[in-house]
Amino acid sequence: MFKFLFVFFFALFLRLMLVYSELNEFLIRRVEVSSPLTSWFRTRECIALSNYGISPYSGDICHQPPLIIKLFSSFSSTYVPYLFIAADLLTGVVMFLVGKNFVITQLVMQEKDKKSYAKDAAVLILSKDQLKNTALVAMAVYLLHPYSIITCAAQSSLIVNNLLCVLLLLALVKGWSLIGSICAAVLTYLSFYPVIFLAPIVINTFNISTYKKISICKCLFGYVITLACLLKCSFMVYGTWNFIYSVYCFMLMVNDLTPNMGLTWYFFSEMFDHFKLFFLCVYQMSVFVFTIPIAVIFRKYPILICYSLFSLVSLFKSYPNFGDLSVPMAMLPFWCYLYRYTRNVLFIGTIFIVASALAPCMWYLWIYAGSANGNFFYAITLLYALAQIFLLSDILYAFLRREYHLLHGMNPKTSSGQEGIIVMK
């Protein structure tokens, strides 16, 4: 309990210190932590326009869903920073609950599958002692990770997305399929890409339900009804459907090519207009295409599917920030026992540190000093994307490698009796 409280209050202290420092306004405008879809600077402009009776979607400044604008406009500007801090701390606490329940689920699943394990794979069997600190470490990683802290200090609406993501995880580990569908619907309303989160929800429902078809239909029905209600309420707020174009079409068409930590801004700024639509479709389809093999291969492990999809969205979304990786990073302690099978931990960690440190430097050299150009900053975003790809592939490789050894033993033999060499394809 002491460790839990220490992490919680230390995280609170760090966030309060940044909010009341001069860094607050500086971070709000940083491209690494704010985007046109999550920027508090733009949200303030939307609220101001709304207060003057002007539709915030009449121009090109507002790309937040109407209900988010309505939510923040109902709070005094004095209390808004506390709202972000409270939501972020709540996310950490929910992550702790997810970790505790996930450990229980893992041990129960292991007990069911133990009969199919190879005799010499006993060394890979997990114990309670190995996993006892998983929940606390996951909470600490989320609350104390620099990406989470600066995202909260920048008052990015990504904090709301992160909270909903961990609530979705909690619903999965608890078996609350309908609540998970509602969380996925709200996430889709905020960002569109999370429509793919239906995959782990449906798979988890199929795995745990007795009446599978009825339960899956309930999930899908809950998702559709929730999303429809949110869209209808959004229409009622301003009496127009203009927000559809300003939020979702803006996101999919990548109209704003302001530099960010993603891959699209440079790619599409250098492209001829008559090629743009084709490559735009290919790029936006990528996150959906990769969902299918991941969902099929890891169908027994919906939480691992969620981790993979969170990482894919962070990689392929049009306007990513550092904060998009906060939840996937916090989930890594769930699979701490995979460390022995990972291949590039030091390399990946170094890339993340280098990319995080050099991004603001290259931005300064390009925009302020004028001694660099866009290629310098884009090189860092490519490095950042490379780190994400290596991290995801390393975790999935390590997981599959461990599963193979559990089923076939630590030293599998070939048909001729010789010691085999495992090749992952």
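Just so it is clear, glycine is given a Cβ too, placed from its N, Cα and C backbone atoms.
TrEMBL annotations: computationally assigned, not manually curated.
As written in TrEMBL, here are the features:
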- 1-21: signal peptide (SIGNAL)
- 79-99: transmembrane segment (TRANSMEM)
- 149-172: transmembrane segment (TRANSMEM)
- 178-203: transmembrane segment (TRANSMEM)
- 215-237: transmembrane segment (TRANSMEM)
- 243-268: transmembrane segment (TRANSMEM)
- 277-298: transmembrane segment (TRANSMEM)
- 318-338: transmembrane segment (TRANSMEM)
- 345-369: transmembrane segment (TRANSMEM)
- 375-400: transmembrane segment (TRANSMEM)
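Of the Cβ pairs linking the transmembrane segment (178-203) with the transmembrane segment (345-369) and spaced 6 or more residues apart, fewer than 3 are under 8 Å, so the two regions do not touch.
Of the ranges 79-99, 277-298, 318-338, 375-400, the one with the most Cβ pairs under 8 Å to the transmembrane segment (149-172) is 79-99.
Counted over residue pairs 6 or more apart, the CB atoms of the transmembrane segment (375-400) and the transmembrane segment (318-338) come under 8 Å in at least three pairs, which marks the two as touching. Highest Cβ contact count with the transmembrane segment (318-338) among the listed stretches 79-99, 215-237, 277-298 falls to 79-99 (criterion: pairs under 8 Å). Listed by sequence, the residues of this chain that lie at least six past the ends of the transmembrane segment (215-237) yet keep a Cβ under 8 A from its Cβ atoms are 65-67, 69-70, 177-178, 180-182, 184-186, 188-189, 198, 201-202, 205-206, 209, 243.
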